[in-house]
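The following features are taken from TrEMBL:
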| type | residues | note |
| --- | --- | --- |
| REGION | 1-63 | region 'Disordered' |
| COMPBIAS | 1-10 | compositional bias 'Basic and acidic residues' |
| COMPBIAS | 32-59 | compositional bias 'Basic and acidic residues' |
| REGION | 126-158 | region 'Disordered' |
| COMPBIAS | 127-139 | compositional bias 'Acidic residues' |
| BINDING | Leu346, Lys347, Ala348, Arg349, Leu350, Lys351, Thr352, Asn445, Lys446, Cys447, Asp448 | GTP binding site |
| BINDING | Thr352 | Mg(2+) binding site |
Amino acid sequence: MSKHRTTESHSRRRSLSDPLAAFMQPPANETAAERESRMRKEAEAKQASDKIDEMIRQERSHRKKSRAEVNVLLLGQSESGKSTTLKQFQLLHSPAAFHAERIAWRAVIYLNLVRSVRRVLDALSPESDEEGDDLEDVDSIEHTIPSDGRSPSALAGTKVPNYESYRRHLEPLVELEERLIRLLSSPNSEDEATRLPYDVRQAPITAEGSQVPLKTNGKPAPTIDIPQVHPSHSSPVSPVSNVSPSREVSVHTSINWKKAFSLGGKAKSPKSAHTGEIEGWWEDPDDPVHTLHACAPVMQDLWRDSAVQQRLREKRIRLEESSGFYLDEIPRITATKYIPTDADVLKARLKTMGVVEHTFLIQSGSNRGVEWKIFDVGGARNQRQAWAPYFEDVNAIIFLAPISAFDQVLTEDTRINRLEDSLLLWQSVASNKLLARVSIVLFLNKCDLLQVKLDAGVRLNQHMTSYGDRPNDYDSVSKYFRNKFGAIHHAATPNKERELYIHFTAVTDTRRTATIIQSVRDIIIKGNLRNLKLV
Ligand SMILES: Nc1nc2c(ncn2[C@@H]2O[C@H](COP(=O)(O)OP(=O)(O)OP(=O)(O)O)[C@@H](O)[C@H]2O)c(=O)[nH]1
Ligand SMILES: [Mg+2]
């Protein structure tokens with residue numbers, strides 16, 4: 001009771017020194033009805049005041065967005081090319097850092113290569129015939145939907161006489177694959193032995209779906225994900241890794257992931273510490289390159305074997321079009337002193353989980369450089385819920401739709417056609433009210449693969465009946481996609497003034513992409529200036 005009185009007398013005292021508060025004080029002889037009316041008015045006044053506060057906050061945030069920095073979000077389904085586009089931004093705007101990081105991609109490229117070899121062996125194994133060969137058995141990356149209605153196994157037949165010999169000679173790759181995955185995921189176990197050091201903050205390997213996101217600065221740490229081959233093709237003697245469960249394996253990473261793999265520190269020979277000589281990993285007998293180098297001739301024979309090629313054709317496995325394909329360059333990639341080229345890094349495949357942020361200082365004309373933040377998100381279905389929080393502060397979106405994927409299905413849900421998924425995703429982005437004032441640039445990506453596919457005779461109308469009898473050539477097909485995506489935006493956008501910029505891209509092509517990035521930069525800057533005038 002006495003406490004209550006004290007509080008009341010405090011507020012009375014405060015009110016005497018504050019004329020506005022004194023004015024707001026209830027009259028001493030206020031009736032119940034007067035009190036109710038006063039309370040209602042006060043609540044209304046508070047609501048109005050909160051609304052003004054919110055407007056001020058929004059305006060401040062808008063002004064900040066328009067002036068101090070540009071936030072760009074890369075969106076699109078998994079394997080659409082978002083991370084590759086980010087690499088192109090790095091190559092253009094921080095080439096020194098990109099080059100310094102090239103060596104860090106060695107482990108990823110090795111793993112991509114080893115996994116391609118394994119896919120070939122899996123496709124040849126007699127077990128794969130016995131089990132049937134439905135589309136879900138192997139990563140769907142290189143699998144396509146048969147357009148003639150027949151299952152690939154119905155066509156399988158060619159035997160590969162040297163299969164057993166290939167399998168035996170390539171067995172060391174089983175252990176190597178396990179090691180590379182371990183290296184990419186758990187730094188503590190092997191970094192001494194391999195000269196591929198890791199950031200110790202990375203979390204251990206986990207199956208997708210059971211990941212425990214690490215936190216950095218309050219946000220979940222980005223993770224990487226390495227596609228796994230379905231174990232149904234394995235046998236006790238098959239060179240199929242026993243670290244490979246049926247699901248994809250996730251590897252959590254942190255911002256320092258690439259730094260941890262770089263040439264600094266342990267990637268040099270211990271000798272260099274004493275002599276000052278720059279020596280390399282090739283001196284270390286435990287480095288993964290030696291196993292690869294030793295297996296290279298057999299890998300090469302396997303890939304060049306006409307019976308193997310025939311078998312892959314029968315099974316409609318087109319590894320050449322899949323992510324992380326290096327089988328055409330085995331001698332170069334497995335050379336002991338191999339250093340990844342820019343093109344190799346752009347081709348390397350690591351699935352993104354979470355959101356990765358990169359900052360660049362971008363000069364435009366006489367402008368003294370504006371900070372650009374580019375956010376690269378995971379595109380797989382279970383990753384998309386992480387996108388929305390980034391919508392609020394975004395200035396521009398680059399949406400990637402891989403138009404070569406019209407005959408492929410999603411890895412995460414093999415019932416869904418990839419292009420259908422892209423179209424739906426595009427519609428939901430284009431119609432999003434939160435993004436109404438955000439500039440949107442559409443990359444109709446993987447045009448190089450589209451050309452190859454159409455040239456190989458794959459018909460679009462077998463997968464999209466709406467294409468009808470139009471010619472199955474690159475010009476007609478690409479125009480059709482442009483119109484289709486354009487029409488969806490036109491119908492769905494809540495901002496009819498918004499101009500849509502569409503580019504046909506192959507984001508692994510550095511020269512072409514550099515030109516496109518320049519023009520995207522100008523579009524985004526222009527859009528930003530326009531918004532600035534509206535403030
Ligand atoms: N040939 C060709 N390959 C491409 C193109 N764009 C991307 N790739 C390759 O496709 C694979 C997947 O690209 P990413 O950039 O990792 O895809 P993403 O959209 O980041 O995928 P998530 O991280 O799973 O969301 C990589 O191996 C790229 O090198 C392209 O235009 N042409
Ligand atoms: Mg990615």
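Here the Cβ of each residue, glycine as well, is placed from N, Cα and C on the backbone.
Structure with TrEMBL features highlighted.
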{"residue": "Leu346", "record": "GTP binding site", "DSSP class": "helix"}
{"residue": "Thr352", "record": "GTP binding site", "DSSP class": "strand"}
{"residue": "Lys446", "record": "GTP binding site", "DSSP class": "coil"}
Query = Which chain-mates of Ala348 (GTP binding site) that are at least 6 residues away have a CB under 8 A from its CB, listed by sequence?
reply = Trp105, Val108, Ile109, Asn112, Gly324, Pro340
Ask   = Lys446 (GTP binding site) has how many other Cβ neighbours within 10 Å of its own Cβ?
value = 26
Maximum Cα-Cα separation in Å among residues Leu346, Lys347, Ala348, Arg349, Leu350, Lys351, Thr352, Asn445, Lys446, Cys447, Asp448, which the record lists as binding GTP = 23
Request  = Determine the binding-site residues, out of Leu346, Lys446, Asp448, lying near ligand 2 in the sense that the CB is under 6 Å from one of its atoms, and give them in sequence order.
outcome  = none
Inquiry  = List every residue in the same chain as Leu346 (GTP binding site), at least 6 positions away in sequence, whose Cβ is under 8 Å from its Cβ.
reply    = Thr84, Lys87, Gln88, Val507, Thr508, Thr510
Query = Ranking the binding-site residues Leu350, Thr352, Asp448 by other Cβ atoms within 10 Å, which is at the bottom?
reply = Asp448
